[in-house]
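Database features, via TrEMBL:
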type: DOMAIN; residues: 12-127; note: domain 'Response regulatory'
type: MOD_RES; residues: Asp61; note: 4-aspartylphosphate
type: COILED; residues: 116-156; note: coiled coil
type: COMPBIAS; residues: 195-214; note: compositional bias 'Basic and acidic residues'
Amino acid sequence: MAPAMTSERAHTVLVVDDEIEILESLRRTLRGESYRLVTTTSPHEALESVRAGEVDVVISDIDMPEMSGIELVAEIRRVAPDVVRVLLTGDASLPSALSAINEGEVHRYLTKPWDKHELRAMLRQALERLDELRRIAEADRRSRERSEMLDELEREHPGIREVVRVDGAYAIDAERLWARMPLELSTLPGASVRSARDVDAADASDRVTRRAKR
């Protein structure tokens, strides 16, 4: 497998085609982009990279001797469903290509010869969308972790928190938390917790107002 450019923090786009000339042409087309471009003639080698978590986008030829592009993208979808999958075909009307698109095996297809501006734009949009989805997934993961941590604290120390809804987020009664929580648990990552001595007059007033409304 031959890298066309390297960047420690860049996305990786992997191109798979049994024709060296196609790989060279795509390398020239995508030269200068911010992502790392990797090419290979082996679908099996491509799968190894995908399984290792080294790839963000795969562009695969549809007709290859070792494994068809249809089979490759189907396997990629199984082992790494978040990887963007693009088919490269000389005939977009092929039943196999249409079937792969309709069944969700691929996100897009490109025809040979491709339009370089369309290809570049498509990859940029795909990577932006991928980043957005990953940010959402990471935010959800952190939210679940915080919720589980708070639930565990409540089980171990009943009444340790007083929870209210504030703009869709949980707020903790800091005075009660600091008064009852063991020293080693006095830091709660991801939550806004302050010592009673650090609570200013505005915070205290707001707390009294909330309790009065109950």
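Including glycine, each Cβ sits where the backbone N, Cα and C put it.
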Q. Within the chain of the residue listed as '4-aspartylphosphate', which residues six or more apart in sequence place their C-beta under 8 angstroms from its C-beta?
A. Val16, Asp17, Asp18, Glu19, Ile22, Gly69, Leu87, Leu88, Thr89
**Q.** Helix, strand and coil totals (DSSP H, G, I; E, B; other) for the domain 'Response regulatory' (12-127)
**A.** 50 helix, 25 strand, 41 coil
Q | Mean predicted confidence [pLDDT] for the domain 'Response regulatory' (12-127) | A | 88
